[in-house]
Every structure is written in structure tokens, then in C-alpha cells.
């Protein structure tokens, strides 16, 4: 039952996810591609986590943050990809009202945590390049744990605001067809028959605050890093400093670039289908790419992987 009579209102009890396409052939093709991407995402990020855990030479703050980023990437992909895959197999994919709220909250929680983690990683790079003598003191285990815990708390608070205060206060009494492959705030706000203008404003402010604060930390950190690198006289030192920052800058550019497209640019400037494609890149592709970005340009990770594979071969 999709609707429930409640006094003078008809409340929606489930939503229909329209997904990416109605074309049966294209659905099969997309199912195969996205399933492969998801499996690579889980395998790649789990491998990163395990490699960091078992390799003593990777027991440094940068890799501590990277292991949590890998966990978050598995989470953000898992929050939407399984339901998307089911959507490809069914002619009519539905999600309950409660399930929609949980999916919205989990996706927002994990996305917010990733923003804070990327900012923490930028600060870690700043300390490593600009204050190498104080690095071990300033980036102690206690400080790293506090930054990670703070990232999760910040993500939880942001998600709680969106889900608890606003989603469950929305009244859905009309159409229940979401033109997306997951429960996102914008299409849900369009379906609500209650006044959501204030809610949209506050949620935009909340999401914008997370983005602006973390971007500010990243920009300031890399501004100081760039100044420090330009002052270096050693070519080898410059190359090493650049190499340690390149992978993180690439990940930051991809992540915040898609966030800007989805949540900052005016909705009139792109279609719903374009929004879906960018959302797939943001929630499905980037979690798969991050392990490749961080491992291909990192000699320590490649060295640790070779040592572990060598040990397995010898044993």
C-alpha cells in the first residue's frame, strides 16, 4: 500500500524510484557495469584498509586517515548501489517511507564525513610539509583519533538535522514517484505537499557550511604548502612534497567538483538526467577511483604491496 489515510490527509507510505532509465536493454548493460564497479570498489578499498593494517611502514597519520577514507568510500557506495542494482532488475522499484529516510540520512552522513576527512588529510599534509620537525608531536595518535572522531560527529550532526528535523516533518500526500535512483533531498522536497521553503533554506545552509568550512581548511592548508614548496632549494625535496600532495588534491578536486555541480550550481542550468549521471559519478565512480588515485602515485603503498605479495609468495 503506497498511501495511508490519516485524518484529512493521505500519507505516502512508500516511494517509487524511477531509476536511471526505462530501456530494458540499457538496464541490463548498466546493471553489469555498475555491479562490476561496486565489486571493484569494495575489493579495492578493503585491500587498502588491510594493507595499511598489516604493513608497519604504513602506520603513519596519512595512512590512518586514508584507511578511514576507504571505509567511508565503501559506505557511500553501499548506501545507494545495492538498491540501484535491484532497481535495474525490477520493473517497479519501491522503497518504504522509513527506508527512504534511512537512505537519505546514511548517504548524507557518509558524504559529510568524507568532507571532514579530506580536510583533516589536508591539515596532515600541511603539518608534514610546513612543520616537519613538529609533525610527530602535532599529529600524534591522540590528535589523529580526535580528528577522525570529530569527522564522524560532524557528519552525524549534519545528517541528523536533515533526516530527523526535516525529512520526518515533511508531509507527503500526493505523487510518490522519485525521479532518481535513490532518495535525495531535492526530489523529495519537490514531492512534499507541505511548505518546505524554510527547510530547504536551512538544509542548504547546513550542507553549504560543511562544504565551505572544509574547503576553507583545504585551501588554506595547500596555500601554505605551495608557498613552502616554492621556497625549497632542493629539487628532490620539491618533487617529494608535490608527490605526497598530488593524490589528495586529485581526490579533493573530483569530490568537490561533483558536489558543486549537484548542490551549488542553479538547478535550471542542467537537466534531471544530467544530475543523475553526476550523482552516479559522485556516489559510485569516485569511491572506486580513490584507491587507484592514492596507490598509483604513492611509492610507499606500492612498496608495501610488493612486500606483502612477496611474503605470500615465499610462504
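Every residue number used here counts from 1 along the chain in the order it is shown.
Each Cβ is built from the backbone N, Cα and C atoms, and glycine gets one as well.
Between the stretches 180-200, 201-221, Swiss-Prot puts its transmembrane segment entry on 201-221. Among the ranges 137-157, 158-178, the stretch that Swiss-Prot annotates as transmembrane segment is 137-157. Looking up the ranges 82-102, 103-123 in Swiss-Prot, the one annotated as transmembrane segment turns out to be 103-123. Swiss-Prot records N-linked glycosylation site for one of 8, 45, namely 8. Considering the side of the membrane named for each residue in Swiss-Prot, residue 12 and residue 53 do not coincide. In the three-state DSSP scheme, residue 100 (disulfide bond) is classed as helix.
Comparing 29-49, 103-123, 201-221 for CB pairs under 8 angstroms to the transmembrane segment (242-262), the maximum falls on 103-123.
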